[in-house]
Amino acid sequence: MGAKTFEGGDNHEDATNALSTKSNAVGGKPRGANMLEDGDGEFGTDDDDDGDGQDSSLAVVNPEDGSKPKKRKRSKKKKSNKKKPGDGAQQQTSPPRVPLSQLFPDGKYPVGQMVKVPAVNLRRTTDEELRYLSRGTITNDEALSDYRKAAEVHRQVRHWVHETVHPGQSLTELAVGIEDGVRALLGHQGLEPGDSLKGGMGFPTGLALNNCAAHYTPNPGQKDIILKKEDVMKVDFGVHVNGWIVDSAFTVTFDPVYDNLLAAVKDATNTGLKCAGVDARVGEIGGYIQEAMESYEVEINGKVHPVKAIRNITGHDILPYRIHGGKQVPFIKSKDQTKMEEGEVFAIETFGTTGKGYMMDGPGVYGYSKDPDARNMHLPLASARALLKTINQNFGTIPFCRRYLDRLGLEKYLLGMNSLISHGIVHMYPPLVDIPGSYTAQFEHTILIKSSGNEIISRGDDY
């Protein structure tokens, strides 16, 4: 979920974090292919990983003398009862409805892609590292397990999206399907007060089409949109467990004409992930992202368009129950000297466009979120007080949308919502759009910054 900023803004609030399936994505490459090209990471290598759950490549070997192999009597193959790590008695369904607790009864969830960092100044112990170490390991291990669980939910749900999304599908059907899958896999339907704070959506499912880059979700009262073959759709959704939010996004197309646009954005996101690390400066990362992104062009309807990095939305750090922390990672080079620190979690995302590269507020409302710094104050409207109580009990500072309020059975809440917005208690998010006729794409991953090696928590087979 992109954070909107102003072009050229170099001053950002500094915040320190408390945490110091196989699918075919359109325009993407298998995870193994990326490892061969990148050469800088290993998927699923960690002290907690069993290490034998990955696919291996098989080569056909002919006899050295060139003779035909001798015929042998075939023996019946015995079915292997060996299960991969994390396999439970059940397999995931389509749509996904089997809770992860049944698929991973031991509570050990897959590790993300472990990325080695250069061995620079290993004897240095910074204040940030001391703060991280002083927090102890038990809480951190629990939080990391929650993160990995949220990431596995994201992977399994988006696998279903890759397998089933098609032209002619309504965006409401797709959004509800994603959210129903997340809630089912976590075992939290979120219909009782406090339940969705234990686990659920990290923010409303974003399904932005074409020139709309981000912050669109189908809501009550809007005309339902039907997906078309020529559409470019950004699928951006978050999953949280106990407030630890995994934020990851990808782009779906049905026409290969957009392949270069998707390749540019995927390359830019992977570049940002490679550059992330302890002491990395966000302004410099933005420069590398921009260089990768803008080395591409795409031909659409006989016209060649340079792919531009969008200037006024950014990646961001993630705090407990807060999808946008105080740090931002731009997609363009800037003078921002803000550093990444040990134990921080970032959403490294990039947006590319064939348009102007500058986002404007579009019509309508995507969703809302409570300001974490909102002061307690008297609200004159009873409807506003009742709505705020519902928000505190069900969402806290996690973003939500009108569909979620309707799902809880709320009615006639818009007057109370407007009161909360006018008092600065709740923020409203509009869709973010480029010029009409342009096309935008997005890819995003959640990464944990560690001096011993970063973990791309949300990495999967698809992207």
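Placed from the backbone N, Cα and C atoms, the Cβ positions cover glycine too.
Going through Glu411, Glu444 against Swiss-Prot, the one listed in the divalent metal cation 1 site together with Asp236, Asp247 turns out to be Glu444. Cross-referencing His215, His316, His378 with the divalent metal cation 2 binding residues that Swiss-Prot gives (Asp247, Glu349, Glu444) picks out His316. Cβ environment of Asp236 (divalent metal cation 1 binding site): Met1, Thr205, Gly206, Leu207, Ala208, Ala214, Asp247, Ser248, Ala249, Gln442, Glu444 lie under 8 Å away, each six or more residues apart in the same chain. Other than the site residues Asp247, His316, Glu349, Glu444, same-chain residues with C-beta atoms no more than 8 angstroms from the centre of those residues' C-beta atoms, the divalent metal cation 2 site, are Met1, Gly2, Asp236, Ser248, Ala249, Gly315, Phe346, Ala347, Ile348, His445, Thr446. Listed binding-site residues: His215, His316, His324. The one with the lowest count of other Cβ atoms within 10 Å of its Cβ is His324. DSSP assigns Asp247 (divalent metal cation 1 binding site) to a strand in the three-state reduction. Reported as a whole number, the C-alpha separation between His316 (divalent metal cation 2 binding site) and His324 (substrate binding site) equals 6 Å.
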